[in-house]
Amino acid sequence: MPPAPPAPSAPFVRCAPRRRLSRVVRTVAALAAAVALAACTRGEPPWRLTDVAGHLPDLSFTLTGGDGRPVDASAFRGRVSLVYFGYTHCPDVCPETMARLMEVLAQLGPQARNVRILFVSVDPARDTPQAMQSYVAAFDAEHARGLTGTDRQIESLAKRYRVAYQMEQRDPSGGYEVTHSSAVYIFDASGRARLLATDRDKPDAIAADVRRILDSASST
């Protein structure tokens, strides 16, 4: 059995024009193809997303929820978690990603009750618990949760999952954008890292693989 290739790092993008993504997307696509080939060699049907099982650690964190209270990853055990790192002032990539995830939930139908979207802030200075709660509630108050924390908590979690982000130079009004990874990390109901979805993965592909994880859990 050939060893599985290393897991790719998440695409690194700015919430701005997408021309810069092409080279990163090609690299991630090549790595995803290699992972799929390894899976076929093992006689397993390939995933439509990038398989990161065994390459990333289990879901683990302590952050602050939308109600201002501490929340840790164990609160989401028993459901598939779609984890996305972004921020509420993001002008394009974040709302586009959340909209795609809403399409995923719609395609899952009744199975969506076993899925949670965890929107983790990379801009804790501006993203208060209330701001995060309002942001995710505008998309789906039932399935989405906004999570923020201290700078140290966010930095630690980002490092754990190889998420890159940085604050850009302030504009004359004092505003700023945050360059950040754009991938969605998918964890199964036991909190194990399973898949990575890039911004090139369509909602139907994400929904198909999430459904496969859900069906696998229900059959065991």
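Just so you know, glycine gets a Cβ as well, placed from its N, Cα and C.
What TrEMBL says about this one:
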- 1-38: signal peptide (SIGNAL)
- 50-219: domain 'Thioredoxin' (DOMAIN)
- CYS90-CYS94: disulfide bond (DISULFID)
- CYS90, CYS94, HIS180: Cu cation binding site (BINDING)
Pick from CYS90, HIS180: which of these recorded positions has the biggest number of other Cβ atoms within 10 Å of its Cβ?
HIS180
Where CYS94 (disulfide bond) sits in the secondary structure, as DSSP reduces it to three classes:
helix
Taking only the residues in the domain 'Thioredoxin' (50-219), give me the average pLDDT of this model.
96
In whole Å, note down how far the CA of CYS94 (disulfide bond) lies from the CA of HIS180 (Cu cation binding site).
10
